[in-house]
Amino acid sequence: MPRHYEEDEARRPILQPDTDTDEPTSGGSLARLGRPSDDDELTERLTGCGATACCNPSSFLHRFQALILMCLVGFGSYFCYDNPGALQDTFKSDLNLTTTQFVMLYSIYSWPNVILCFIGGFLMDRVFGIRLGTIIYMFILLIGQLIFAMGAMINVFWLMIVGRFMFGIGAESLAVAQNSYAVLWFKGKELNMVFGLQLSFARVGSTVNFLVMVPIYKYVKSLGYQGHMCTGVVLLLATLTCVMSMICALILGWMDRRAARILKRNDAAPGGEVAKLSDVRTFQVSFWMVTVICVAYYVAIFPFIALGKVFFMRKFDFSSEDANTVNSIVYIIAAVASPLFGLLVDRTGRNVLWVFLSVLVTIVAHGMLAFSYLNPYIGMITMGLAYSMLASSLWPLVALIVPEYQLGTAYGICQSVQNLGLAVISMISGMIVDKGGYFMLEMFFIGWLIVSLLATIVIWLYDASTDGILNKSPAARSLYASKTLPRMSGEPGSSSDMTDSQQERERRIKDPEAIRNRYVNRVLDGNQSDTEPLVE
């Protein structure tokens with residue numbers, strides 16, 4: 001049924017071009033006046049520097065600048081996370097720590113995030129918003145690292161634990177904010193490449209930490225600092241990376257606010273929707289299977305690398321230095337290959353297929369290490385390539401499954417469950433090595449990879465049965481969007497507009513599945529406005 005425009009409707013964002021006419025048109029919420037008035041906010045013209053590619057929020061160059069800041073926001077977190085690992089010997093000697101106390105510096109990071117990471121994502125969706133939330137979590141992270149450093153300087157272990165606790169809360173919630181920023185700026189564009197590049201920078205931060213912390217420690221020691229005071233000063237210097245990340249978070253927040261103003265992007269949830277804790281009941285099977293993969297796959301990577309050094313020394317008779325080198329291959333490859341695989345997924349689509357292949361190749365890599373004496377570099381390089389591909393194709397799936405106003409909550413759930421899995425499986429892995437050796441550990445990891453493979457198959461089948469877009473090519477996704485959008489909006493000529501009553505049409509438009517389909521259309525088409533209501 002045609003609907004005439006009210007006076008204020010001419011100022012709504014244009015989603016589709018119309019004919020060059022000043023007459024009101026019909027077609028539900030998608031119809032717009034073809035010739036906007038002179039005072040239309042959407043005709044705001046950028047001048048001077050603002051009109052150049054580097055300052056125009058709609059240009060790729062400007063979005064690339066924002067991407068660099070997104071990556072640098074997390075650099076300090078990943079750099080400082082492994083400070084204890086890079087200085088393990090000096091930590092234990094200068095601070096008189098037992099092995100149990102040293103391991104606690106890592107476990108205290110993971111355990112609280114089983115719950116708090118989910119809450120952090122929910123608060124960002126419901127209370128803070130992405131800009132303020134990023135700054136708050138970055139501030140918590142920075143304060144935590146400062147407390148950790150001060151605890152080392154005065155050699156108070158419980159204060160160091162408090163610092164790592166706060167650091168963990170901020171760091172994992174910050175990762176959720178990074179994912180949400182990536183979707184906000186790159187949905188419908190280079191999203192897979194962006195997730196790959198973020199993973200790459202994460203690995204760069206960890207690698208740089210292991211390369212520079214020992215030289216920094218030696219330099220500080222040459223200045224006359226000794227014992228726990230020397231370790232504390234080194235940790236304070238490492239805190240500078242968190243200060244740099246805080247500055248990047250502030251600049252990124254300013255850029256995002258400016259982009260929202262210029263592009264007339266409405267940061268409020270479409271249709272007035274707000275995130276609620278009860279929303280988790282509406283998440284699809286596909287999302288929960290993605291969460292299963294987050295646990296089952298990553299527990300076969302990170303705990304293996306943590307215990308891999310002795311494995312290579314025992315089975316392949318490597319020296320300590322050679323074992324460290326081959327054990328770090330996965331991260332080195334991920335730093336280079338992740339953005340490249342992200343570009344590949346952007347071009348080809350079919351994320352579920354790439355996830356399936358990644359898990360399958362990782363099983364082969366673990367099998368080579370467990371059942372053969374082939375050069376371990378072959379298995380580790382294979383694992384590194386598969387790990388890079390999975391990270392570039394798995395995490396963007398969440399943005400296609402979950403509505404945008406729930407993304408913080410969704411990514412928070414993924415991070416929370418992953419932290420739980422890593423905390424528990426790491427302890428179980430150590431027990432398996434003590435009682436059954438490394439062969440049984442490999443069997444344990446291969447079992448978890450089979451679980452992730454089964455979860456991928458469930459996603460594939462569910463998506464196919466619901467005519468979903470998770471495993472479609474970019475062209476097929478665009479075609480799906482072009483066919484679904486008119487049908488969901490009730491344009492003139494559609495079967496719903498001609499055969500159904502007005503009440504039936506309104507009921508279908510407000511149906512949750514219809515709302516989700518409109519959101520998917522926006523994710524697939526980056527040119528659509530976020531201010532268009534999903535519910536009339």
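Residue 1 is the first one shown; counting continues down the chain.
The backbone N, Cα and C atoms fix where each Cβ goes, glycine too.
According to TrEMBL, the protein carries these features:
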- 1-12: compositional bias 'Basic and acidic residues' (COMPBIAS)
- 1-38: region 'Disordered' (REGION)
- 64-81: transmembrane segment (TRANSMEM)
- 66-467: domain 'Major facilitator superfamily (MFS) profile' (DOMAIN)
- 101-123: transmembrane segment (TRANSMEM)
- 135-159: transmembrane segment (TRANSMEM)
- 165-186: transmembrane segment (TRANSMEM)
- 193-213: transmembrane segment (TRANSMEM)
- 233-255: transmembrane segment (TRANSMEM)
- 285-308: transmembrane segment (TRANSMEM)
- 328-345: transmembrane segment (TRANSMEM)
- 352-371: transmembrane segment (TRANSMEM)
- 377-402: transmembrane segment (TRANSMEM)
- 409-432: transmembrane segment (TRANSMEM)
- 438-462: transmembrane segment (TRANSMEM)
- 485-536: region 'Disordered' (REGION)
- 492-501: compositional bias 'Polar residues' (COMPBIAS)
- 502-516: compositional bias 'Basic and acidic residues' (COMPBIAS)
- 526-536: compositional bias 'Polar residues' (COMPBIAS)
Considering the transmembrane segment (377-402), which listed stretch of 135-159, 285-308, 409-432 counts the most C-beta pairs under 8 Å | 285-308
Same-chain residues at least 6 beyond the ends of the transmembrane segment (328-345) whose Cβ lies under 8 Å from its Cβ atoms | 190, 192-197, 199-201, 203-204, 206-207, 210, 301, 305, 351, 354, 377, 380-381, 383-385, 387-389, 391-393, 396
Chain residues outside the transmembrane segment (285-308) and at least six past its termini with a C-beta under 8 angstroms from it | 323, 326-328, 330-331, 355, 359, 362, 366, 383, 387, 390, 394, 397-398, 401-402, 410, 413-414, 417-418, 420-422, 425-426, 429-430, 433, 438, 441, 445-446, 448-449, 451-452, 455-456, 458-459, 462-463, 468, 470
Given pairs 6 or more apart, does the transmembrane segment (193-213) have at least three Cβ pairs under 8 Å with the transmembrane segment (165-186)?
-> yes
Taking 64-81, 135-159, 165-186, 409-432, 438-462 as candidates, which has the most Cβ pairs under 8 Å with the transmembrane segment (352-371)?
-> 438-462
Counting Cβ pairs under 8 Å that are 6 or more apart in sequence, does the total for the transmembrane segment (165-186) and the transmembrane segment (438-462) reach three or more?
-> no
